[in-house]
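Participant: The signal peptide annotation in Swiss-Prot covers 1-21 and rests on sequence analysis. For C46-C52, C47-C61, the entry in Swiss-Prot reads disulfide bond.
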Amino acid sequence: MGMRMMFTVFLLVVLATTVVSFTSRRGPKSRRGEPVPTTVINYGECCKDPSCWVKVKDFQCPGASPPN
């Protein structure tokens, strides 16, 4: 392999590892094997609890109005 070909392969490897690291959903903690916490909102349960409406401002429960 020539020098130009080796440089091209090197750039492709660097690009591939960069793309993989940015597209994975892991945070910096996952490198140590710790899970990254996520928040999942159950909208059915949230509709039953008016105090939950304050946390979820962009969701409107059907037939309900958020507190003022």
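Glycine too: its Cβ is placed from the backbone N, Cα and C atoms.
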Participant: Let me know the DSSP-derived helix, strand or coil state of C52 (disulfide bond), please.
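Facilitator: Helix, per DSSP.
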Participant: Take the Cβ of C52 (disulfide bond) and count every other Cβ within 10 Å, whichever protein chain it belongs to.
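Facilitator: Excluding its own Cβ, the number within 10 Å is 17.
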